[in-house]
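Residues or ranges marked as transmembrane segment in TrEMBL: 38-56, 63-79, 99-117, 129-155, 161-185.
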Amino acid sequence: MNIDSGKQELLHKLVNIQERLTDTEFHYWKIYSDYGTWQFWVNILMLIIPLIVLYFAIDRERIFLLGFYGMQIHVWFTYLNSVGLRMGWWDYPNRIAPIFPFFSFSASFIPVIYILVYQWTLNHQKNFYLYTLITSVIISFIIMPIFVATNFFVLFKWINYGWLLVFIVIVFLWSKLITNVFIFMQKRIKKA
């Protein structure tokens with residue numbers, strides 16, 4: 001495979017910039033976010049406590065449905081956070097790990113909240129979209145400002161809490177759509 005020299009040179013430049021960024025992130029983490037800081041331990045708690053709550057609260061009869069939906073939330077929040085960080089829209093100054101600044105937030109805290117809301121709407125025959133929207137408003141306008149006030153989250157550029165709400169709503173709608181597609185496909189197989 002022959003890559004022209006200009007493309008090869010620019011690619012190497014991007015790799016070098018990424019390596020320097022990673023080195024800087026490790027340096028930042030060691031100084032400001034490692035296990036010697038109280039913020040590190042809050043991040044650990046945000047990772048572990050929701051999973052413990054989920055373990056005891058999840059409806060075992062619907063565990064695969066709820067787990068699949070939660071995994072969708074996790075994956076799409078991870079992508080959203082990656083884009084937000086890469087574009088310089090926001091950051092997580094206190095990190096559980098240098099290369100995963102948003103790990104406890106998008107791997108446990110947020111997915112567990114949405115799993116439990118989904119479960120509650122199923123068990124009580126409530127409108128999923130209404131209650132998930134209410135949850136998203138609470139996250140965007142109450143939880144995220146608390147994270148900002150405690151320096152666990154920082155907004156940059158033109159991003160505000162309203163935009164966070166828009167992004168979060170897109171994530172939960174997309175996650176539910178994918179979940180519904182899989183439910184539909186499963187039902188079609190059972191009918192056949």
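Any Cβ shown, glycine's included, is placed from N, Cα and C.
TrEMBL entries are annotated by machine, without manual review.
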Is the transmembrane segment (129-155) close to the transmembrane segment (63-79), in the sense of at least 3 CB pairs under 8 angstroms with a sequence gap of 6 or more?
no
State the residues, same chain only, that lie 6 or more residues beyond the ends of the transmembrane segment (38-56) and have a CB under 8 A from a CB inside it; answer 'none' if no residue qualifies.
94-96, 103-105, 107-109, 111-113, 115-116, 151-152
Report, as numbers and ranges, every residue of the chain located at least six residues beyond the transmembrane segment (129-155) whose Cβ falls under 8 Å of a Cβ in that stretch; write 'none' if there are none.
39, 42-43, 89-94, 110, 113-114, 117-118, 120-121, 161-162, 164-165, 168-169, 172, 176
